[in-house]
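Copied over from Swiss-Prot:
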BINDING   23, 88, 127, 459  (6S)-5-formyl-5,6,7,8-tetrahydrofolate binding site
DOMAIN    223-381  domain 'TrmE-type G'
BINDING   233-238, 252-258, 277-280  GTP binding site
BINDING   237, 258  Mg(2+) binding site
């Protein structure tokens, strides 16, 4: 284990609450806490058993004045979060009380931790790898139970295990090639080009399989952005209200009521969905409405999915067709709304659209909402979302896999173009290095520092 100084930070949100927790980690954590602690019957902390708590008071070292009534816990390294000795002081919640205790800890010899420094120490001390460390921040920022489960699985090493298996397979090929080339006099079983080709191809298939869920992984982590578009008064705001089951958007019979973008959140099958209700798209001389229309188009370009609403009680006009052409290059669902009062849209006019994603609805009567939700799941998750699936939720991990994939493809091409198998080891090493960047084994120190700087204090 590496040697570090002793650090401290407030591990809970600073504000009014039942308790605040001040975390101290490092070789001197227990002696620092003990120097400002007074236990019942004057007991100190030096004989505290690991993984137990002791009741007492934090005192101001200079005056002996009691600052707060506390419970102190002790976790002995390496069986702790950072793999170092950790002390946690549970004091009363509140900004002033917490800060006073924190000041005494720093006066006693601890240094204020940098953002993410506790988790960084867990990584540097070998308790977790980098992908597991990144999962910690994903757990904190998770927006749904699926994203929490996925992040917890990653923190337990689910991704690391897969990556390490791939690296072991690559390393085995490298070792065999180099042993064959460098020690020809030894009686080693020679690995032929065909054997290497088959092994690399197998690894490539495994990488492709992991990458196949990368888009779903991004959605699990960040959620979906869904934009509702259409002409004014087609039912966009009614749809938003129905989906979130609240009356957040104003609904009137007056076209152009919604002039700005309205954003709300809902959940479909455990996935967070940001629903964006936009201003009706039409030609207008109203300056404010024009700005709203431009914002609508911006939101379409930023979205993962467009829900285009058409009024089925009226025939399509040029404005409808213009909107259809605008969204046709994106993932979309077409809602033929107001079917309760008419069905005048000729389906031949929208025959260039995928009929699987055309839904007849009457939002006023609550018809078609389940179809919309099922369609979203079909578009992005092939109909079902399973928390036990292996999701690549991190863009950095995805990039590492793509680079490793490219190196494997180059290795296969090298094998096809040359009879010398030692040349292929360069490409295989590159694949091994790129996969190692995911777990942090081969990543540059400045990038590691940048990753941990995104964490909150106390974590």
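From the backbone N, Cα and C atoms, a Cβ is placed for every residue, glycine too.
Everything Swiss-Prot records as a feature, shown here on the structure.
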| residue | record | Cβ contacts under 8 Å, 6 or more apart |
| --- | --- | --- |
| 23 | (6S)-5-formyl-5,6,7,8-tetrahydrofolate binding site | 8, 9, 10, 11, 86, 87, 88, 118, 458 |
| 127 | (6S)-5-formyl-5,6,7,8-tetrahydrofolate binding site | 78, 81, 82, 83 |
| 459 | (6S)-5-formyl-5,6,7,8-tetrahydrofolate binding site | 11, 115, 116, 118, 119, 136, 137, 140 |
Based on Cβ atoms within 10 Å, give me the single least packed residue among the binding-site residues 233, 237.
233
Measuring Cα to Cα across 23, 88, 127, 459, which the record gives as the (6S)-5-formyl-5,6,7,8-tetrahydrofolate binders, how far apart are the two most distant ones in Å?
19
Validating a neighbour-count step here. Other CB atoms within 10 A of the CB of residue 88 ((6S)-5-formyl-5,6,7,8-tetrahydrofolate binding site): how many?
21
May I ask you to report the DSSP-based helix, strand or coil state of residue 237 (Mg(2+) binding site)?
helix
If H, G and I count as helix, E and B as strand, and all else as coil, what does DSSP give for residue 459 ((6S)-5-formyl-5,6,7,8-tetrahydrofolate binding site)?
coil
Starting from the Cβ of residue 236 (GTP binding site), draw a 10 Å sphere and report how many other Cβ atoms land inside it.
31
For residue 23 ((6S)-5-formyl-5,6,7,8-tetrahydrofolate binding site), name the DSSP secondary structure in the helix/strand/coil scheme.
strand
Residue 88 ((6S)-5-formyl-5,6,7,8-tetrahydrofolate binding site) - helix vs strand vs coil (DSSP):
strand
Mean pLDDT for the domain 'TrmE-type G' (223-381), rounded to an integer?
76
